[in-house]
Amino acid sequence: MDKIVVQGGDNRLVGSVTIEGAKNAVLPLLAATILASEGKTVLQNVPILSDVFIMNQVVGGLNAKVDFDEEAHLVKVDATGDITEEAPYKYVSKMRASIVVLGPILARVGHAKVSMPGGCTIGSRPIDLHLKGLEAMGVKISQTAGYIEAKAERLHGAHIYMDFPSVGATQNLMMAATLADGVTVIENAAREPEIVDLAILLNEMGAKVKGAGTETITITGVEKLHGTTHNVVQDRIEAGTFMVAAAMTGGDVLIRDAVWEHNRPLIAKLLEMGVEVIEEDEGIRVRSQLENLKAVHVKTLPHPGFPTDMQAQFTALMTVAKGESTMVETVFENRFQHLEEMRRMGLHSEIIRDTARIVGGQPLQGAEVLSTDLRASAALILTGLVAQGETVVGKLVHLDRGYYGFHEKLAQLGAKIQRIEANDEDE
């Protein structure tokens with residue numbers, strides 16, 4: 001497995017960077033292609049990520065024809081044949097997001113067998129909200145030998161209230177409801193931009209989805225869906241990561257194609273911290289002077305709150321802001337593992353239950369560290385930019401799940417960073 005080596009201490013980032021299509025959007029979009037019994041579905045602006053390759057394999061394993069043109073960032077899916085009911089364990093077990101094929105398979109076939117999902121080990125991440133919602137739509141569910149088995153002679157509309165606005169559950173239920181009899185109403189639904197993007201695709205395929213982006217989504221079932229062409233929304237988390245990178249290096253970076261509206265919670269905290277954030281025609285510009293950075297208090301919340309997927313990167317930014325900052329993680333448990341690695345670099349921090357206290361403005365030293373999950377890997381690399389000396393980040397399998405060419409983009413902005421091959425025993 002490769003490693004990333006950062007020469008820290010003088011890495012002011014300057015220039016522009018272009019953002020990819022959203023990883024958190026494209027995975028459910030790929031699952032939705034299963035619903036099209038007529039015509040091909042073409043997804044454009046698809047990021048080249050390991051998770052995308054896995055989801056392509058999951059969809060292909062269901063007897064759909066999948067063609068990924070990496071050079072064109074385009075995926076074509078033909079799901080007009082007979083869709084199989086079982087999502088292959090060897091693929092589903094690798095990635096948590098693959099559970100979103102459950103709803104589409106049920107809608108197309110009436111029965112499904114899907115392995116319990118894998119992926120990042122962040123907290124318990126239960127899938128009970130997915131299952132409770134499907135049961136309300138007439139699905140009978142059993143769990144045996146690591147598999148979820150679900151059957152429904154015919155899905156019917158239901159009024160579903162979710163105890164928590166789960167993104168994955170909202171997506172699964174939306175897709176299942178598109179071909180159900182009657183009307184489905186999802187209350188306390190997730191409101192993320194990726195939910196809106198999925199609704200746009202489904203409607204382009206002939207579905208009747210209203211209210212995406214609000215707390216209440218209404219889906220009126222239709223007889224069938226057809227293929228279409230759809231452009232994947234830009235990745236707000238990648239955009240946010242580069243906004244933080246510019247801020248913590250005292251840089252001046254234009255993040256091309258970044259959407260201001262999608263990044264409002266992050267932008268609000270950057271402004272509060274003393275960072276200059278400007279909306280431009282081509283994207284979002286971030287300028288920073290390190291001596292102006294102030295400590296802040298941040299709490300992660302479901303959208304439109306501060307995104308949990310930016311928590312690790314923002315704690316990296318807190319290390320260079322003078323004073324004591326706090327980060328409260330309310331969405332996932334056990335998501336401060338990266339701070340243990342940062343302590344190897346000299347970070348002064350304390351974790352009490354769901355709250356991390358970060359003492360910023362202290363000198364950091366480069367060290368060998370291991371990424372513990374996707375966003376932690378980015379946070380450790382960013383911390384390496386501002387630490388004195390050399391930082392080596394291992395376990396890049398996490399990074400490759402959600403960032404395309406991350407080190408190359410940083411290098412183009414002026415970072416002293418490279419990716420090297422490493423022997424397995426070095427990990």
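Just so it is clear, glycine is given a Cβ too, placed from its N, Cα and C backbone atoms.
Per Swiss-Prot, the features are as follows:
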ACT_SITE  C120  active site, proton donor
BINDING   K23, N24  phosphoenolpyruvate binding site
BINDING   R96, R125, P126, I127, D128, L129, D309, V331  UDP-N-acetyl-alpha-D-glucosamine binding site
MOD_RES   C120  2-(S-cysteinyl)pyruvic acid O-phosphothioketal
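With respect to their backbone Cα atoms, L129 (UDP-N-acetyl-alpha-D-glucosamine binding site) and K23 (phosphoenolpyruvate binding site) stand 22 Å from each other.
D309 (UDP-N-acetyl-alpha-D-glucosamine binding site) counts 23 other C-beta atoms within 10 Å of its own C-beta, drawing on all protein chains shown. Between the CA atoms of D309 (UDP-N-acetyl-alpha-D-glucosamine binding site) and N24 (phosphoenolpyruvate binding site) there is a gap of 10 Å. Summarising the environment of R96 (UDP-N-acetyl-alpha-D-glucosamine binding site), the number of other Cβ atoms within 10 Å of its Cβ, over all protein chains shown, is 20. Around the Cβ of N24 (phosphoenolpyruvate binding site), the number of neighbouring Cβ atoms within 10 Å comes to 23. If you take the Cα of V331 (UDP-N-acetyl-alpha-D-glucosamine binding site) and the Cα of N24 (phosphoenolpyruvate binding site), they are about 16 angstrom apart, rounded to a whole number. Note: the CA-CA distance between N24 (phosphoenolpyruvate binding site) and D128 (UDP-N-acetyl-alpha-D-glucosamine binding site) rounds to 20 Å.
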